[in-house]
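**Student:** Have a look at this one before I ask anything.
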Amino acid sequence: MPRVSAPLVLLPAWLLMVACSPHSLRIAAILDDPMECSRGERLSITLAKNRINRAPERLGKAKVEVDIFELLRDSEYETAETMCQILPKGVVAVLGPSSSPASSSIISNICGEKEVPHFKVAPEEFVRFQLQRFTTLNLHPSNTDISVAVAGILNFFNCTTACLICAKAECLLNLEKLLRQFLISKDTLSVRMLDDTRDPTPLLKEIRDDKTATIIIHANASMSHTILLKAAELGMVSAYYTYIFTNLEFSLQRMDSLVDDRVNILGFSIFNQSHAFFQEFSQSLNQSWQENCDHVPFTGPALSSALLFDAVYAVVTAVQELNRSQEIGVKPLSCGSAQIWQHGTSLMNYLRMVELEGLTGHIEFNSKGQRSNYALKILQFTRNGFRQIGQWHVAEGLSMDSRLYASNISDSLFNTTLVVTTILENPYLMLKGNHQDMEGNDRYEGFCVDMLKELAEILRFNYKIRLVGDGVYGVPEANGTWTGMVGELIARKADLAVAGLTITAEREKVIDFSKPFMTLGISILYRVHMGRRPGYFSSLDPFSPGVWLFMLLAYLAVSCVLFLVARLTPYEWYSPHPCAQGRCNLLVNQYSLGNSLWFPVGGFMQQGSTIAPRALSTRCVSGVWWAFTLIIISSYTANLAAFLTVQRMEVPIESVDDLADQTAIEYGTIHGGSSMTFFQNSRYQTYQRMWNYMYSKQPSVFVKSTEEGIARVLNSNYAFLLESTMNEYYRQRNCNLTQIGGLLDTKGYGIGMPVGSVFRDEFDLAILQLQENNRLEILKRKWWEGGKCPKEEDHRAKGLGMENIGGIFVVLICGLIVAIFMAMLEFLWTLRHSEASEVSVCQEMMTELRSIILCQDNIHPRRRRSGGLPPQPPVLEERRPRGTATLSNGKLCGAGEPDQLAQRLAQEAALVARGCTHIRVCPECRRFQGLRARPSPARSEESLEWDKTTNSSEPE
């Protein structure tokens with residue numbers, strides 16, 4: 001059988017074929033609240049009837065008639081009596097009532113016996129135990145669907161803990177789907193039932209003490225509003241509580257009495273405000289209330305009135321479709337007879353196939369007579385009323401608009417005043433010097449005050465700074481409560497906690513934190529002991545005594561090796577007569593013992609020496625020594641600068657292990673702070689030992705504030721364990737304080753909020769924005785820097801030890817060994833190619849070593865063959881005289897005097913040819929050079945000390 005579909009605006013000519021009465025189609029409506037100033041049900045039925053009868057498409061003169069019967073109380077007897085009055089009138093359907101479950105059950109049974117369709121407009125009661133009649137249809141959404149929708153919302157918000165307030169015991173059966181989900185997910189759902197006094201105050205106090213932030217209320221609209229008003233009196237209507245109402249009429253209640261418009265209230269609605277008749281329908285009801293009532297009871301049409309309006313249209317649509325297939329007739333029935341309406345079953349089949357768009361959305365029924373294929377709108381309370389943030393569809397499930405929800409949170413911060421709890425702590429929050437003349441937030445200054453101003457500018461909120469009552473950050477007590485700022489957040493006495501509040505796992509369990517705005521760690525603060533005053537020999541401090549000793553040994557070793565190598569290598573022995581190469585029997589070595597000791601000194605002082613090494617071995621010794629001195633002098637200069645610019649200070653401990661391994665220096669931290677919790681919960685052996693010491697030490701080593709800890713450090717032998725940021729701040733302002741070692745851990749400061757705060761994401765984004773813009777770093781430099789002590793990485797300069805520069809000593813030793821080896825190779829090579837073949841290698845080696853050990857003179861004769869004569873100098877080839885020549889006296893002989901020039905050249909050439917040792921002819925420029933010789937008193941005639949006098953460059 002095809003589905004019956006018809007719009008409410010168009011009704012074809014169905015009124016032509018009504019057998020029993022060609023002039024009317026009668027419907028009965030039972031109202032249990034028929035007053036004009038209540039729901040407006042009577043008016044809604046009248047509006048539906050008049051709109052149908054005024055339809056221009058209606059053919060014929062038949063009209064829809066709706067007989068209204070009043071039910072003054074929910075009584076089975078009165079309900080049965082009313083039905084006995086309705087049946088003789090020959091009605092095609094019975095509508096209502098809207099709020100009498102017992103009466104509705106009696107009506108369904110009677111209509112089922114007589115096969116007369118019955119439309120319910122109230123939520124189901126006792127779903128598990130009541131059998132739905134075939135003739136009964138319910139336009140109201142089922143409680144099962146509502147419970148599934150609530151479960152979807154809880155999943156969307158990741159809610160694992162909630163409380164359900166029930167006005168009746170039947171709510172556990174009605175919300176079975178919701179309870180089943182909590183059982184499956186193992187989340188926590190506490191159920192609280194209103195007692196006979198109907199006072200929700202005790203229940204709300206229990207919920208507040210349990211710190212439950214999500215509250216589900218399953219009650220009628222009036223009771224739901226009462227619960228919310230009581231919650232407002234207890235301070236539970238704020239941004240940290242979420243209320244979900246299952247009643248579909250709750251959004252029609254007035255919220256003028258709610259002071260805090262940041263409260264997160266969610267509800268459902270089924271109204272179709274886009275319907276063509278919805279605005280006219282609402283205006284008609286509102287006008288009726290204004291004319292007949294002292295006040296308007298609802299902000300919009302009641303749900304029951306809209307459902308009755310849609311029920312009239314559903315009946316008319318089904319009768320129209322049925323009348324097209326067969327002629328129907330309605331005859332009077334009686335309670336006393338067993339007679340039934342013969343067309344009732346057919347009409348019910350057509351009613352189950354009805355599809356139309358009504359004031360309450362899409363109208364369609366399933367095989368059980370329950371409404372299907374519809375959507376529940378999810379509404380959220382704002383300062384401008386409720387607005388839709390999503391919907392739940394029977395077939396498609398939950399669909400939330402996250403953008404609308406997030407924008408509502410941002411809008412709720414706009415121009416909202418937040419209570420900020422904090423604590424006086426330099427430099428985070430301080431009182432101004434003239435704070436007595438100020439009031440409010442103007443009395444305070446510091447890093448946190450400036451950060452609050454930046455956040456307020458971004459998020460557009462106002463704030464009120466309030467100092468915490470007990471002056472502590474917050475620690476758990478034995479009874480489970482918390483002190484300090486954490487306790488105020490748990491009690492919802494404050495919206496934010498802005499201070500040096502450390503993010504810890506224990507605090508994260510009871511409050512929410514924003515992203516960290518500052519990263520830090522625990523450090524050790526201790527006072528420094530001034531070292532001795534600089535002495536006359538403080539210039540020796542850059543190197544440790546061991547380094548100075550090794551440098552002296554290195555100098556002696558280089559001098560000895562240089563003396564040895566220079567004696568061994570033949571390339572350091574040279575003729576002192578430049579003009580008598582090959583003929584002079586004497587060779588000279590410039591590296592005497594004195595010169596060998598002086599040459600390293602000149603290199604070390606970077607002044608050089610007139611002695612130039614000739615052999616490769618001696619040059620190797622010189623190179624490694626110069627490299628050694630380069631590193632040594634550079635290191636000394638750098639470390640000496642540190643000693644001259646930084647005053648040396650001494651501390652008896654260098655690390656946390658040194659502190660833990662001694663008992664002479666007391667150490668402690670702030671009582672009730674995160675540092676104390678860190679040591680208390682640490683599993684590291686060193687930190688456990690430190691905690692046992694601090695916990696058992698008497699008198700107590702814990703302090704109440706940072707200022708007290710600083711004073712104790714300066715006035716006694718005490719080390720203070722505190723955050724590195726505070727350590728840095730106080731070291732900038734007191735040069736007698738120093739940090740020992742590095743950080744003991746890594747953590748961060750965050751903004752504390754109550755659990756479930758809707759502002760958490762907004763503050764996270766704002767903090768990230770400040771970090772990206774470098775604003776937080778700028779604020780930190782503003783409040784941390786500017787002290788009288790310069791910032792130093794380590795104010796205790798130390799002399800360099802062998803572990804720092806030992807490598808250059810290794811290089812020096814290796815170079816010396818290589819030089820000795822090369823000198824021996826040079827000695828052997830020259831000896832093998834010498835003219836004296838009768839002398840053995842060992843004999844020559846022993847002779848040289850004996851000369852080195854005895855420090856003999858650095859002159860010895862040239863080695864010659866046995867019996868050989870000194871070589872004769874070659875005869876100079878006569879050359880033609882040049883046009884000009886330079887004489888030994890420096891005079892020039894030009895071309896104008898050729899005879900004189902030729903005569904002079906011939907004389908000097910003859911002298912050179914006879915072996916004269918005081919005249920030399922340069923083969924390149926043909927210049928004569930004179931050499932004067934004087935006999936040495938200590939040597940033979942061949943042992944001469946030559947003094948060269950020349951008026952030109954050095955000889956060859």
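The first residue you see is number 1, and the count goes up from there.
Keep in mind that glycine also has a Cβ here, set from the backbone N, Cα and C atoms.
OK, Swiss-Prot features for this one:
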- GLY500, THR502, ARG507, SER674, SER675, GLU723: L-glutamate binding site (BINDING)
- 939-948: compositional bias 'Basic and acidic residues' (COMPBIAS)
- 1-20: signal peptide (SIGNAL)
- 567-623: topological domain 'Cytoplasmic' (TOPO_DOM)
- 826-956: topological domain 'Cytoplasmic' (TOPO_DOM)
- 546-566: transmembrane segment (TRANSMEM)
- 624-644: transmembrane segment (TRANSMEM)
- 805-825: transmembrane segment (TRANSMEM)
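Context for these features, please: burial, neighbours, distances.
**Tutor:** THR502 (L-glutamate binding site) carries a strand DSSP state (E or B). Residue density at THR502 (L-glutamate binding site): 22 other Cβ atoms are found within 10 A of its Cβ, drawing on all protein chains shown.
Below 8 angstroms of C-beta separation, residues 540, 572, 589-591, 593, 596-597, 599-601, 604, 613, 615, 617-618, 621-622, 625, 628, 632, 799-802, 805, 809, 812-813, 816, 819-820, 822-823, 852 of the same chain, each at least six residues beyond the ends of the transmembrane segment (546-566), sit close to that stretch.
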**Student:** Check SER674 (L-glutamate binding site) against DSSP and tell me helix, strand or coil, would you?
**Tutor:** helix
**Student:** Determine which residues of the same chain, besides GLY500, THR502, ARG507, SER674, SER675, GLU723, have their CB within 8 A of the center of the CB atoms at the recorded L-glutamate site, and list them by sequence.
**Tutor:** TYR473, LEU501, THR504, GLY673, THR677, LYS747, TYR749
**Student:** Starting from the Cβ of ARG507 (L-glutamate binding site), draw a 10 Å sphere and report how many other Cβ atoms land inside it.
**Tutor:** 25
**Student:** Over the topological domain 'Cytoplasmic' (567-623), work out the mean pLDDT and round it to an integer.
**Tutor:** 78
**Student:** Which whole number of Å gives the largest C-alpha distance between any two of GLY500, THR502, ARG507, SER674, SER675, GLU723, the residues noted as binding L-glutamate?
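**Tutor:** Farthest Cα pair among residues binding L-glutamate: 17 Å.
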